[in-house]
Amino acid sequence: MSPHFSLTTPLYYVNALPHIGSAYTTIAADVLARFYRLQGYQVRFITGTDEHGQKIERTAQQRGLSPQAHCDEIAAGFQALWQQLNIHYDRFSRTTSPRHHAIVNEFFQRVWDNGDIYLGQQQGWYCVECEEFKEERELLEGRRCPIHVNRTVEWRDERNYFFRLSKYQQALLDHYAEHPDFVQPPSRRNEVLSFIERGLQDFSISRVNLAWGFPVPTDPEQTLYVWFDALLGYVTALLEPEDEPTLANALKTWWPINLHIIGKDILRFHGISWPAMLMSAGLPLPEQIFVHGFLTKDGQKMGKSLGNTLDPFALVAQYGADAVRYYFMKEVEFGRDGDFSETRFVTILNADLANDLGNLLNRTLKMAWKYTDGKVPNVQGAAIPREHPLRQLAEHLSQTYGQGYRQLAFHEVCQQALTLARAGNKFLDEEAPWKRYRAGETAAVAEILYCVLESVRLVAYVLAPIIPQLSEAIYGQLGYSIRFNGSIAPDLLGDRQAQWGVLPASQPLANPEPIFQKLLLPATVADSP
Ligand SMILES: Nc1ncnc2c1ncn2[C@@H]1O[C@H](COP(=O)(O)OP(=O)(O)OP(=O)(O)O)[C@@H](O)[C@H]1O
Ligand SMILES: [Zn+2]
């Protein structure tokens with residue numbers, strides 16, 4: 001049986017349509033899902049929407065809609081964007097689904113039976129946008145949330161059910177000690193660890209005066225806290241459509257989740273509350289949580305609540321899915337913050353995809369039509385000496401790219417692939433096959449063209465999880481009918497295509513057509529000052 005890999009994005013709040021921040025996490029998860037599928041893994045890639053809580057109730061009210069109608073509309077907006085961005089998720093988990101309700105009830109019961117839920121008095125400052133209590137010392141001047149700097153927090157004083165988080169402090173510390181990679185990158189691990197070391201307090205898992213949520217199973221006067229139910233959306237997503245919605249069914253094949261990809265805003269929920277809840281319910285913990293940085297505008301987190309976002313629908317409509325996917329994977333080191341600039345966007349795409357990669361393919365294909373009869377030159381890749389500069393770089397790429405993906409170092413994978421494309425251009429310039437052809441050196445010309453075409457193929461293969469449509473187009477130009485979208489052809493599975501020398505000698509090539517048109521920076525969408 002092929003190995004399994006399960007991964008999630010956060011389930012996004014449906015307080016507004018998705019923005020580029022939500023797209024960023026989802027692109028990264030899709031890239032990784034595609035990488036693992038190409039490696040022959042069975043993948044379950046989960047995304048979805050988190051639809052309960054006060055924030056949603058209020059937004060629906062402001063829009064004059066019922067909460068459910070509001071959620072349906074926004075959830076459809078998320079799905080539409082994922083389609084445009086060519087995101088191939090396996091499950092879209094919505095926390096208002098009846099099946100999710102059944103899972104939440106069963107999970108609550110386990111935690112209840114374990115004695116970890118009790119009634120207490122909750123007092124504190126609450127950020128509705130975060131759906132989280134904040135400590136006074138975290139707040140900005142004027143009692144504003146540090147993440148939602150345009151919102152003031154609200155005072156709450158109510159009788160709520162609490163989860164005994166403090167009971168799990170030592171168990172969490174032990175888990176972090178035994179699994180040094182549980183939270184990545186290390187800076188985030190240290191951040192969450194020092195938060196645990198400062199001492200954990202029980203947190204309330206119910207609300208009064210809130211209708212939009214699941215009732216607390218043991219006390220329907222209270223509504224379950226949105227985060228208690230939201231995190232369980234990951235579990236519900238593991239059910240097969242024909243399964244009864246029970247925990248046993250949900251957990252039987254895909255649990256524990258291999259990887260949660262999240263932004264740093266929700267690190268404490270994933271690195272502390274979630275594992276403690278799972279421990280209380282007697283379930284194994286997810287293998288890893290990878291925390292990426294923020295896309296910022298003028299140094300501040302872009303967010304739906306702040307309203308300083310970039311519209312991903314417009315960006316994709318203008319530049320195409322692969323351009324958007326490539327830019328964010330290449331330009332922002334995964335784990336760090338990154339500012340978006342449209343000028344930079346256009347510059348990078350033109351340099352990397354139009355020039356270094358697209359133009360290299362195009363000029364080489366044209367030469368192959370002139371000098372080798374529109375076919376891959378009749379050269380055996382294996383016969384190219386190992387010291388050949390392109391073969392050397394290519395073999396280095398095939399040995400390292402997998403680790404790059406597995407470590408979520410997407411920018412490094414892009415850089416290394418581009419290094420090979422650039423070397424291909426330099427090699428062509430230096431070897432000048434047009435001159436050598438005129439000098440009658442046909443064998444040398446065949447070898448030069450073969451090596452460049454094979455390098456382009458390898459770059460396309462390595463980058464296929466990031467730019468699937470472009471990679472498919474490149475493969476098409478090289479005479480393959482292999483698809484990187486939809487179900488994966490068996491000859492793509494495993495690492496075979498990542499090796500040097502795969503391009504078949506004498507394979508008929510397609511007519512050269514530019515695969516990526518140079519982008520213009522329209523004045524109307526130029527960066528604001
Ligand atoms: N600016 C951003 N940069 C990177 N990722 C982001 C950004 N904003 C949101 N995300 C992604 O979305 C997740 C949070 O989802 P949420 O639905 O709360 O979006 P949000 O835009 O932050 O909403 P709000 O502004 O109302 O808090 C983050 O953990 C991250 O995965
Ligand atoms: Zn907040």
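Glycine residues also receive a Cβ, built from the backbone N, Cα and C atoms like all the rest.
Segment annotation: Swiss-Prot labels motif ''KMSKS' region' over residues 301-305 (candidates 301-305, 336-340, 371-375, 511-515). Per Swiss-Prot, the listed range annotated as motif ''HIGH' region' is 12-22 (candidates: 12-22, 463-473, 518-528).
Counting residues of the motif ''HIGH' region' (12-22) by DSSP class, helix then strand then coil, yields 3 helix, 2 strand, 6 coil.
Listed binding-site residues: Cys130, His148, Lys304. Those with a CB atom under 6 Å from ligand 2: Cys130, His148. With a threshold of 8 Å between CB atoms, the same-chain residues lying at least 6 positions outside the motif ''KMSKS' region' (301-305) that come near it are 13, 15-17, 19-21, 129, 147-148, 150-151, 265, 294-295, 340.
A mean pLDDT of 93 is what the model gives for the motif ''HIGH' region' (12-22). Calculated from their C-alpha atoms, the gap between His148 (Zn(2+) binding site) and Lys304 (ATP binding site) amounts to 10 Å. Cβ environment of Lys304 (ATP binding site): Tyr13, Asn15, Ala16, Leu17, His19 lie under 8 Å away, each six or more residues apart in the same chain.
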